[in-house]
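Sequence annotations record features per position, and here TrEMBL assigns region 'Disordered' to 1-69. Among the features that TrEMBL reports, transmembrane segment is placed at 132-154, 205-225, 237-254, 326-347, 368-387, 417-434, 487-506, 512-534.
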């Protein structure tokens, strides 16, 4: 932290939001003032960007702030007698790993939502086994981002939406909140439609799409019911849904009997053809779900971890890393099952270009037939589990996003209803309009993928900015090498999604007026992304310092336009 300025220096300094250059204090200080500064130099809690100490969960001043979990809702982690606040880590404990298990698996559900499953089946049908290596590395990139999200939540005791509220000015945080809500609504529409398709399959077409949407919309009451019984009961319910998905798609994998040799080559040998670029972009683009980045930083706070004790934070980060890795290995296997089933059955066939989420069950039935357990209904069960679990986690994420950005202290049932209402009304309209058209649903899915792609920077950049700042993370700020790696990953994801956007708009936008509107929107979008990158990060510090040395060598300060 920079030392405090004297009154006359403050009067001559210019406010500079990036906090790059401040006139040093030149007036002599008394010994007791120097001692006070030394004591304040390393506070127990991380420091906010405006210089104010972040409050812990027990602060009286923080009682009016929205919290992810109340103290009584958190899972208590027993402290070993051997654990002090010293440097020696506590020995590994399976019991503690079990107590920390839960948030990572809830996070992994976003890797298994109906939108991802559609990307898997299309990649398998069109590219065969050739993109399995990309699925593996994309999952690894997703794991890196989600571990940073968990790190932020554990080290600060606050989740990403709360920290964005404190880090950015009002206009920027409202814009970020709006973008997060839009991304969540887009994801929720895909998830609800996926569940509705599954209900239609399992009811043999008796229940139309819009009825399935209404049934799925009622899941918020299941969520509220389970949440009243505690975090562990809710996590247990999600574990059942993930097990259902894994069992269903593993059964399909066993029935399809894909080539083990081709599968192994597909995972280990990178291969990318010109005809499969779009599917490759889809595989990587589905990895980062904006609302999931916000969600994971809040979920890890369901365990009682004192952010003031470094040993407790390190222990939590270790167990959360193990748990998240296991969860994403499970999600990778489920995605691999789906991809290989469709690669075995439809790669190189005339049906490959026409397969989507709506008609996938019909194509599976025609290809693999019936049996004691028809593959159509096995697919329907797995899809229903994927849709239900992802819509519930979407409701969960919506609570944290709304509460964190707006600091709304509403009852949980009220927040759940508001979050669900944001998505359910447009979804019913979509279901009524697209119920009879498979191709129209595929076009809608493309638009929703684009909608979520453009939101990725608005979750990713704030996350990387915050975990790189010592003022926020304290001793748990990520290292320079990790910063470089994560920004490379972020740049790669953004470039891939820009490619997806350009390809989509080049084929779908033909009107001059619509093209002009999109161009203006892209310009505003780009400016906002640049602002987020420059706001308060090391990159901004280096850039502004270089400009200062080059153009204003004689000045002690300069004005920021940001």
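Glycine too: its Cβ is placed from the backbone N, Cα and C atoms.
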Contact yes or no, the transmembrane segment (132-154) and the transmembrane segment (237-254), 3+ Cβ pairs under 8 Å, gap 6+:
no
Give residue numbers and ranges for long-range contacts of the transmembrane segment (487-506): same chain, 6 or more residues beyond its ends, CB-CB under 8 A.
141, 144-145, 278, 281-282, 284-285, 287-288, 446, 449-450, 453-454, 456-457, 460-461, 464, 518
Give residue numbers and ranges for long-range contacts of the transmembrane segment (417-434): same chain, 6 or more residues beyond its ends, CB-CB under 8 A.
181, 184-185, 188-189, 192-193, 196, 208-210, 212-214, 217, 220, 394-395, 398-399, 402, 410, 440-441, 444
